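Listed in TrEMBL for this protein:
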type     : residues                          : note
TRANSMEM : 17-35                             : transmembrane segment
DOMAIN   : 18-117                            : domain 'Mur ligase N-terminal catalytic'
DOMAIN   : 126-301                           : domain 'Mur ligase central'
BINDING  : 128, 129, 130, 131, 132, 133, 134 : ATP binding site
DOMAIN   : 323-446                           : domain 'Mur ligase C-terminal'
């Protein structure tokens, strides 16, 4: 990236044109929508056409899917008026990115832009190796349902608002998903921070778990003086000059649930907090892990001044996040749930939640491993979690930004499982499912498995009609 220049020190909102390299990423698309909303010319490149890129195009944002320089519209070639935003997932030899660097455009990583936009506001930065998308989406929904209101840059599409960007003309609050990948969250200086978990992940970047934990320590040191840290009980985080709060599911903490009950597939609980107890809360979003996520979001809301009635209302009408325990079909004889889980712990939580809701049903899971390095590093954990399923179908590894690693494939997981599973190509999957007896179907993964969700949904709906 270019060194600091006079152009970088100016307000980035002064640029007329914003060009995104990797515009289809969930975090990038939220920022693209923001600049479009404030009247900028917005254009971008992405490798793949997706549901999200289609939505951006419908909103008037131009996108190209070829990285040739000739694809860049002429107005975005004016380096004095164009800011280039890129994601670290883009390879350094990318043709457009190389061109912008060579021509001395101002380039900024997505996280840097998020830092510039959020620093003047009261930031709520929600971090953690698991749960941050649901916690940030629910926190934003609670704020939106209250007198506080908020802006939000989310890492998933909120089902309540059908977008990953929320804007307010008057609120000083902004809810941010603080991503640990590439140490991106070190660009943020929140007023309130949440850390949900620090399990080993992204070891291709961090090398070892201790380095990941050190980076989380660095993140919480960036909380503004006098601010607040809400963390999962047991995490070894001790920033100075901030107010510290712990939360847990049922273990005693500053914020925790008691009298937790599963009623018709949804949870009810009492929320214990430092000043008392709020009884009879109902979470309209399924999954035991989401009660824990709701406690984290509720802690932030109460600390920031949301009333108990506002909190109760918001929890009861939260519709969730696209691809997070996302019901696609919910009938008496057939259920289809799509979930983004791509780490062994996330798989365990997702599958366990489904088993708790449907204890007497056969559960079939389709899992697409994400990244060769993650498959290599966590094959034992993946196998253990997937063994919770009654039937398992593995797709080939989704490589994302990585090149193949010799000896690493989905077979590595399959060979470690105690239950019998099978590997299937994406092309053969629909036919395989048509021939299977399905009661509860669960799709799992962070790659392009989402492209199979609608065809699977269509196949399952045809079965219901028969």
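Cβ atoms are placed via backbone N, Cα and C, with glycine included.
For residue 131 (ATP binding site), applying a Cβ distance below 8 Å and a minimum sequence separation of six or more within one chain yields 196, 197, 289, 292, 293, 296. All protein chains shown were included, and the count of other CB atoms within 10 Å of the CB of residue 134 (ATP binding site) stands at 29. All protein chains considered, the CB of residue 132 (ATP binding site) has 27 other CB atoms within 10 Å. Between the listed binding-site residues, namely 129, 133, the fewest other CB atoms within 10 angstroms of a CB are found at 129. Annotation note: residue 131 (ATP binding site) sits in a coil segment as assigned by DSSP. In sequence order, 135, 180, 194, 195, 196, 197, 198, 232 make up the list of same-chain residues 6 or more apart from residue 128 (ATP binding site) whose Cβ falls under 8 Å from its Cβ. Each residue in the domain 'Mur ligase central' (126-301) has a pLDDT score, and their mean in this model is 93.
Each residue in 126, 135, 196, 197, 293 lies on the same chain as 128, 129, 130, 131, 132, 133, 134 and has a C-beta within 8 Å of the C-beta centroid of that ATP site, without being one of the site residues.
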